[in-house]
Amino acid sequence: MPYDDDEEPPPPKPAPPARPLRLAKHHNSEAPLAANDQKVLLELTGPSSAASRAALDLVAVIDISYSMIGNRLNGAKKALSFIVSKLTDRDRLSIVQFDDEATRVCPLRRVTEVARSDLEALISGLNVGGSTNIEAGLSTGVAVVGDRRFTAGRAANIMLLSDGQENIGNARRVEPGNVPVHAFGFGADHDSKLLGAIASKSLGGVYNFVPDSDDPAKLAKAFSRILAGLVTIVAQDLELTVTPVQGEATIKKVDAGTYPADPVGDGSSPVTVRFGTLSGEEARSVVVELALSDRTADLRTYRANVAKVLHRFTTAQGQPVTSDPELITIKRGRKVVGTADAPPPVETEVVRLKHVETIQEAIAKADDNKIEEAWNILVEALNKLVEARRRLLDPILGELQKELMKLLELFKTLDIYQKQGRHYAMAAAASHSRRRSTERGDEAAGPYDTERVNKYREQAQMAGERPPSSAAEEEEIEEMESAVPRTPGNGDRRTLSLALRLLTAVLSLLAISVMASARTTGWAGDYYSRYEPYRYNVGVNVIICFYSVVQASVETRRPVSSMLQTTSCYCITLFLDQASRASAFLNPAQFAVLAYLLMSASAAAASGHHLLVSRFGKERFNDKIHVAVWFSFLAFLTLSGNALISMANLFSRI
């Protein structure tokens, strides 16, 4: 039967202009003239604000077979109630139930205040029935999406809630098309291979593991991860196209996880990767391996345009957007010998993608009852990851290391693997291959959790104590914030912070060098006591220089793993910036305080300088000290600027 009775959505309300997606390119800046291969990391990131997000058409396909009796069905009901509370009157929800056969409980209906009560009553009335026919339920859900009359600017998604014990039909035969299917497997005995295959077959869908629990709030938290992304979709039909420049390069390989990409062929044609939807703060990444042509016949050094990149997407208002092409440029010359290692962000992404392959290899071995071989694969991967983490210093590698250690526990025996290990491993692999937050059954924070994910998980946990804020209230706040003139965002602050930290390190190093080289024969009789204030100043500058270099190193790696920067990270950074500023001027009786005195009272600094000249006479020593103190003073100013940036980062997170 046709399902073309979806309720007409309200007229679109005025929304702030859609913010552009941010494209980051990471690659070597130089390459030799001889033929060589170069890896390029391309990363698309959505804006942090979702004030202009797409309206949602969500179809919840819920298993009411007898095996769902008890906490499983109650938890699914609580999750659906939480979903209803987070949707607005421009979103639409349809519920499909299935046991032996599928029934559409309600058509796609706007979630107004009146409809909210009706939907809650329908959810409460769900009761267990007979066998499990996932194929029928999923087919009905896909048909509800496909038969819609109103589709412009609307993001369609399916949530499949089941214990996966299919005993009628074959759900693998269902073709979801471009509709993401997010599968939730309930309990230790569900068929994660089936549900994982259903999710991976769809464009952008992910598999999630929901363990048995007596606490319905824990089950609701599992759904909050996916829901947070669905109500913050800022781009649909997202594609990224890489075109090699003829005569300069060909494409050898494109790795985008499990997102579909055009075949590379002979490498001379454009390759397009299809991502589907992108939510606020989410990122999608592609590693492109280029084969640079042999240009040894050229005697000159030149800047080679080896490829161009553009992306396309549909806005929340249904308008298609195509970005301007951006060139990938590499300097090629005879002085460049050999092929340098890829930049740290590229190597980190390669390690992350290899991590997915490792998990998939371990799953294949364990499913073949070769649990020891699977365990050995994970051990070998862990050893390599520890080495890569020491070399690359990226926070996400620490998260991957923790995950491998968790997997080693879940792959100890075949029994543990079958009850928990496979489910956890498949959810982890889905998360990394899609770069989306997934539920793995351990309630731990994930490397791709956004601020909205964290907020929704907290609200799901507190749902029994206080009602969660509605999505309408949250959107009103975001719209008010978007109306405020835009200030420099995290990316702008990150660039400025990196520049200031490098400048602080250079100024401190100059202060150390100049002051350490200053000597005078006039103090020969009392050398150590007279030089004591200067040694203190040198020591403080050494600390500040080292601290600034470390922080600059962290900043250079933050674009790839910015999702790991938590509020506590910014608190620590702000504390260290303030502490570093304060430590330079703890003792106002010593000359290290000149950096502070030059800011507050130049007269006091001049008085100290004249006192030295009057006692020992004017010589080159005085000039060096004067210059060194000025360098310390300038380093203080740049570090003060970093403290302000750290404070802005902190207050943007709370």
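Cβ atoms here come from the backbone N, Cα and C positions, even for glycine.
Note that this is a predicted model, so its numbers are computed, not measured.
Taken verbatim from TrEMBL:
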type	residues	note
REGION	1-21	region 'Disordered'
DOMAIN	57-226	domain 'VWFA'
REGION	428-491	region 'Disordered'
COMPBIAS	436-458	compositional bias 'Basic and acidic residues'
COMPBIAS	472-481	compositional bias 'Acidic residues'
TRANSMEM	498-516	transmembrane segment
TRANSMEM	536-554	transmembrane segment
TRANSMEM	591-613	transmembrane segment
TRANSMEM	625-651	transmembrane segment
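Per DSSP, the region 'Disordered' (1-21) is made up of 0 helix, 0 strand, 21 coil. If you look at the compositional bias 'Basic and acidic residues' (436-458), the same-chain residues 6 or more away from its ends with a CB under 8 A from one of its CBs are 48, 50, 86, 184, 204, 206-211, 218, 221-229, 231-232, 279-282, 396, 399-400, 406, 420, 423-424, 427-428, 430, 561, 563-564, 653. Secondary structure of the compositional bias 'Basic and acidic residues' (436-458), assigned with DSSP and counted as helix (H, G, I), strand (E, B) and coil, comes to 8 helix, 0 strand, 15 coil.
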